[in-house]
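Q: What TrEMBL records for this protein is below:
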- 55-80: transmembrane segment (TRANSMEM)
- 86-105: transmembrane segment (TRANSMEM)
- 139-159: transmembrane segment (TRANSMEM)
- 171-188: transmembrane segment (TRANSMEM)
- 195-215: transmembrane segment (TRANSMEM)
- 227-247: transmembrane segment (TRANSMEM)
- 268-290: transmembrane segment (TRANSMEM)
- 310-331: transmembrane segment (TRANSMEM)
- 338-360: transmembrane segment (TRANSMEM)
- 366-385: transmembrane segment (TRANSMEM)
Amino acid sequence: LHTTLRQLKVTAAYARPRLMEVETPAQQRAQQPCKDGDAGQLGQSAVTRPLRNPLLIVNFILMVIGTAGGPLCLRAYFLYGGARKWFSSFVQTAGFPLLLVPLYFSFRRRRRCDSVDNGNASSTKPSTSTRFFLMSPRLLASSAAIGVLMGLDDLLYAYGLAYLPVSTSSILISTQLAFTAGFALLLVRQRFTAFSVNALVLLSVGAAMLGMNAGGDRPAGVSRAQYGAGFAMTLGAAALFGLMLPAMELSQARHAARAGAAAVDYPLVIEMQLVIGLGATAFSAVGMLVNNDFHAIPREAREFGLGQSGYYLLLGGSVVVYQFFFLGTIGAIYFGSALLAGVIMTVLIPITEVLAVMLFHEPFNGAKGIALALALWGFISYFYGEVQTSKAQRHQSDKAPDAAHLDP
């Protein structure tokens, strides 16, 4: 009898992981139709198969639009007569109220689901106990602190872009990848593979080549001191942004450790970006009040090179485009990692370079072409490494447990 029970225990221990492994996300949704965990919770599907998640693709598209369009809109503001640094930093995050729309629909869905889960499936009255915001007080405080840092980063970036060409500013911003890698190693213990290290080296070499070729491109009307200040502030903005990406990832990880992995879903990520945008916008609004920018906006609009309507259209487009960028960034961190977000931002810099040449007639030489090739090589290397790591993890999970190592 003892031998029979031991064999049954070994068989059950072998069967349990196999049953869990066969269960698909679609089957999980059928069993729990009102749970949001399948939308991207910090489980095996989000960690070992990030490249197959459609929401990651959506966030990647948002990052493409924001990374390429944001600097061009902001540079156009300064080229055609805009001069308000605090106001331009305010514009970068002022679109955070747009996030209330998806949060509202998520809230309505959760109310219906809570009503069903409470046994009121036949009732048309939604649940009144559903919380609109899912954030804990600690996560709210950390997101607000990151928002203040974001406001400072936006100000440094706006100062730099006021005195530098888009190509030079993009080159300096690309150094955020090195800062992101360093801070990710310190804060979230980011694991590096040979492919990710190769991508970092290629992207860094490309940025260095562009940096060595960036001299002599000082815009007309910009003094040498202004150019140097813009150079230093843009580099500082890259370092600060490289710190914020792992800080966002660390905030999500700590919240998951306290509340459980299923408590961190995509609506919560949107809430984080909402609070970060609010903190950054409040920081910039205080600076605008001190600098008297609110009273100067109508006069600046009348004197703008593209006309008054062009002024407001450009600023409105900047608000939307930058919100795409920040939402895509925090989504890439959630579905991937801070390092993944940094790699995507860096590989998109050549696209910004090409658009700057087309729109602002900035020079494009052989060094920029080589840097573009290195960036694409690094991008392919990183994602090939992610695919190989994902396959290895799935292969490891497919292995049956060794009966000799099971607890009798």
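The backbone N, Cα and C atoms fix where each Cβ goes, glycine too.
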Q: Report, as numbers and ranges, every residue of the chain located at least six residues beyond the transmembrane segment (55-80) whose Cβ falls under 8 Å of a Cβ in that stretch; write 'none' if there are none.
A: 39-40, 88, 91-92, 158, 161-162, 165-166, 169-170, 266, 304-306, 310, 314-315, 317-318, 321-329, 331-332, 335-336, 341, 344-345, 348-349, 351-352, 355-356, 359-360
Q: Between 86-105, 227-247, 338-360, 366-385, who has the most Cβ pairs under 8 Å to the transmembrane segment (139-159)?
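A: Looking only at 86-105, 227-247, 338-360, 366-385, the most contacts with the transmembrane segment (139-159) come from 227-247.
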Q: With a Cβ cut-off under 8 Å, give me the same-chain residues at least six positions beyond the ends of the transmembrane segment (366-385) that come close to it.
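A: Contacts with the transmembrane segment (366-385): 51, 167, 193-196, 198-203, 205-207, 209-210, 212-213, 340, 343, 346-347, 349-350, 353-354.
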